[in-house]
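*Asks:* Pasting in a structure now, in structure tokens, and then I'll have a few things to ask.
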Amino acid sequence: MVVSPLLRAVIMGPPGSGKGTVSARIIKHFGVKHLSSGDLLRDNMQKKTVALSEEEPLYYCTFHGLSDRTGIFHCFLLKVVISCVEVGILAKSYIDQGRLIPDDIMTQLMLTELKGLDQYNWLLDGFPRTVAQAEALDKECHVDTVIDLDVPFETIKCRLTARWIHPASGRVYNLEFSPPKVQGIDDITGEPLVQRDDDKPETVSRRLQAYDAQTKPVLEYYREKGLLKSFSGTETNKIWPHIYAFLQTKLPDVSQKNAATPR
């Protein structure tokens, strides 16, 4: 087995593809550091932390307009320097308005965090999402592996739309795999279950379409570099052994050295 000094991996997959489950298994078996853009963003939003240093200012541009005495409106481009910005507050303002967080802000947030992981094997989850982010990442780190979970959208739609929750406890039921004893009723309290807006069929379809449009160029970017490794299937437990075998060519299993098969 040829073992690389350090693993620099990205995992990609649409919502509901099993990415969280696969990531957890990779962490367990191979001891990699897991950096999720979603988790990092939520952490910064909660703590309202200062994530950008004065030594590394971030630039972004905004359009502004002024009217002169003739009543003519003039637009000009203003270059703003963000240093010691409270990124959490800034990110929340975009999310609250239903807008995408600009590439520069998300990239700087992730790259700042990655600097503390330069001595570790790591797995990026949720980043990069755009080609611009992928190019920025390449300038700082040499990504050597991109794991793509290729799960049919119809499978994902069935999986997500079958999910119902008990709001008070957070208990999750799936009508296909772990249904409640009585349809629509929580097993323990007898209270009604609800379906989150994100799990409703029309919302799931929109999310998958948005993912497809945004991610295709990124997958192609890594495919052209020869870094993309796609794993196709409809069940995580059937896809996982192939991912495990692939990663074993790069890293040893640190969790169960004497285990015969991965779980």
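Cβ atoms here come from the backbone N, Cα and C positions, even for glycine.
Automatic prediction, not curation, is the source of TrEMBL annotations.
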*Asks:* Which of these, Arg8, Arg163, does TrEMBL say binds GTP at the same site as Gly16, Ser17, Gly18, Lys19, Gly20, Thr21, Val172, Tyr173, Thr236?
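*Replies:* Same GTP site in TrEMBL: Arg163.
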*Asks:* Roughly how wide, in whole Å, is the group Ser37, Arg42, Arg99, Leu100, Ile101, Gly126, Phe127, Pro128, Arg129, Gln133, Arg196, Arg207 that binds AMP, by largest Cα to Cα distance?
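*Replies:* Per the listed residues, the maximum Cα distance equals 30 Å.
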*Asks:* If you measure from the Cα of Phe127 (AMP binding site), which of the binding-site residues Gly16, Gly18, Gly20, Arg163, Tyr173 is the nearest?
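*Replies:* In terms of Cα distance, Phe127 (AMP binding site) lies closest to Gly20.
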*Asks:* Return the residues near Gly16 (GTP binding site), defined as same-chain residues 6+ apart in sequence whose C-beta is under 8 angstroms from its C-beta, sorted by sequence, else 'none'.
*Replies:* Val151, Ile156, Lys157, Arg159, Leu160, Val204
